[in-house]
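Trainee: One structure is given below, represented as structure tokens, and several questions about it will come after.
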Amino acid sequence: MIICRTIADLKEKLHTLRSGGKSVGFVPTMGYLHEGHASLLRKARERDDVVVLSIFVNPMQFGPGEDLDRYPRNEERDLALAESCGCDLVFLPVQEEMYPSRPLTSVKISGLTERLCGASRPGHFDGVGLVVGKLFNLVSPTRAYFGMKDAQQVAVIKTMTADLNFDVEIVTGEIVREPDGLALSSRNVYLSPVQREQAVVLSRSLREAKEMCMKPGMTSGGLIKAVREAINGAQDAVIDYVELLLYPSLEPVPEDQPLNELRETFIVALAVKFGTTRLIDNALFDHTGGESACSEQ
Ligand SMILES: Nc1ncnc2c1ncn2[C@@H]1O[C@H](COP(=O)(O)OP(=O)(O)OP(=O)(O)O)[C@@H](O)[C@H]1O
Ligand SMILES: CC(C)(CO)[C@@H](O)C(=O)[O-]
Ligand code: BAL
């Protein structure tokens, strides 16, 4: 497995690896890899000739007071996991390589970024758009792989890719979970044992939502209320948001909308804080009441 720390080296090595018209599958991450990342790498390995991983904790997507400085890192473990997934090249730039000076260009994806994490983390998706745009230009992947844990990010990146004519196919991977249902996240490492136990409430509330959503008379507002009540049952949970929106447009659904009459795919998305740790999770639903096939493309 090739490790590149500079853009010049990345370009040179990629030029050789992709020669003869090979397809390149690209998995962008912030490192501290887990099975969620591994599942994306394996998916890329199945479909593409060359698999490229990037590990870069992108300062531009962190707001003031967020966890940029303490974001977990373990390069040695990450490289071992990447290699075990059949990754061909890891791009590991330092901050100065990606941002030699403060960029004057911004990538603003409007509409889709006004709710959910875009509302709680102002400027977050501008930073994601900027770095993903830069990485797409540097790697020129045939396909890029993103996890549905960050469902809003998927909607944003798909829109940016179409709007800016990046010649990249966006492939999504389903949410990988711990045996008790907690979505894997690099940030889970911040949780105390008590918080970790309580954090199962995110996925549990979504499972309960799945059972409730097709009950006659269940409305969008009723489902949100039930999910909020379930989360508030965990002593240390502080809700950032619980929202039910159409997916992928992220348009609002009227509170009195009976869900069994809704013919479009919708998402129930959560962000919940335990102390200073903010966790997200979501589930997609279609009108049959099942979890939407969209989550497992
Ligand atoms: N549990 C998961 N299942 C599937 N994909 C995931 C999972 N967790 C992260 N990913 C995906 O991995 C990619 C890189 O994400 P990132 O490095 O931010 O990991 P993370 O665990 O989400 O970190 P964080 O704790 O910052 O949320 C993204 O496309 C993200 O959606
Ligand atoms: C896509 C990404 C690697 C951009 O920094 C990040 O937002 C993430 O890890 O999901
Ligand atoms: N997976 C999203 C990256 C972030 O939280 O900044």
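One-based numbering along the chain as shown.
Cβ coordinates come from backbone N, Cα and C, glycine included.
Pasting the relevant annotations from TrEMBL:
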BINDING   30-37, 147-150, V176, 184-187  ATP binding site
ACT_SITE  H37  active site, proton donor
BINDING   Q61  beta-alanine binding site
BINDING   Q61, Q153  (R)-pantoate binding site
Trainee: Rounded to an integer, what is the Cα-Cα distance in Å between S186 (ATP binding site) and Q153 ((R)-pantoate binding site)?
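Mentor: Here the two Cα atoms lie 16 Å apart.
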Trainee: Taking the recorded positions L33, H37, M148, V176, S186, which residues show a Cβ-atom distance to ligand 3 below 6 Å?
Mentor: none
Trainee: Just the number: how many Å between the Cα atoms of G36 (ATP binding site) and Q153 ((R)-pantoate binding site)?
Mentor: 15
Trainee: For a Cβ distance below 6 Å to any atom of ligand 2, name the recorded positions from L33, G36, H37, M148, V176 that qualify, or say none.
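Mentor: The ones that qualify number zero, so the answer is none.
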Trainee: Please name which of the recorded positions listed here, L33, H37, Q61, V176, is nearest in space to Q153 ((R)-pantoate binding site), Cα against Cα.
Mentor: Q61
Trainee: At a 10 Å cut-off from the C-beta of M148 (ATP binding site), count the other C-beta atoms across all protein chains.
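Mentor: Other Cβ atoms within 10 Å of M148 (ATP binding site): 22.
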Trainee: Using a 6 Å cut-off on Cβ distance, which of the recorded positions L33, G36, H37 come close to any atom of ligand 1?
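Mentor: Passing the 6 Å Cβ check against ligand 1: G36, H37.
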Trainee: Which binding-site residues from the set Q61, M148, V176 come within 10 angstroms of H37 (active site, proton donor), judged by C-alpha positions?
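Mentor: Of Q61, M148, V176, within range: V176.
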Trainee: May I ask which of the binding-site residues M30, L33, M148, V176 is closest to the residue listed as 'beta-alanine binding site' if we compare their C-alpha atoms?
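Mentor: Closest recorded candidate to the residue listed as 'beta-alanine binding site' by Cα: M30.
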